[in-house]
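Annotated in TrEMBL:
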- 15-51: domain 'LRRNT' (DOMAIN)
- 1-15: signal peptide (SIGNAL)
- 188-209: transmembrane segment (TRANSMEM)
């Protein structure tokens, strides 16, 4: 009886991952997993965690719903990892309450804007090998970025060589617009497609008219070749 009481009296999610340290900060639970050689996000993080530190590890990816069960989460530190890929639904379930998300000093080149624009959290994205493109530009304009780290969001690669090595904010202030480049490309592709369809319609109409004309000529020649239907005089 004592065993079953102990089993059911322990709240679910109160255990601590073996590679981490669980403590309290100002009455809120904190899970500290810094510098623990982790290659992925631990699966057994307590559900009532508020502060989660996963910095200085070897995590390479943030999969969909990675933190979905952590509804009390307010701060995530994923800095100084080896993160290259972030799924669109990586932060699904914590978007409303998350206040700070640190993704600085990783290997992130591209990120789905949907993964970040749904957040109200202050973002740190500095010191990543960013490819400067429309999605990153939209994140810069629409997301809540930490003002102290914005200047360190640098173009590691870009559509034009002159932008490489420069802060994205400086490039945009100089008049660059990566989204307009994509829009022009889309417009050209749409124009080519419409022109192709129009040419096909014109060709079809020409062939149809020519075919009808040839049929009419053939029918006329056929009628001329027929013997006269007038009766002969007796």
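Positions of Cβ are set from backbone N, Cα and C atoms, glycine also.
DSSP places the residues of the domain 'LRRNT' (15-51) in helix, strand and coil in these numbers: 0 helix, 13 strand, 24 coil. Model confidence over the domain 'LRRNT' (15-51) stands at 94, taken as the mean pLDDT rounded to a whole number.
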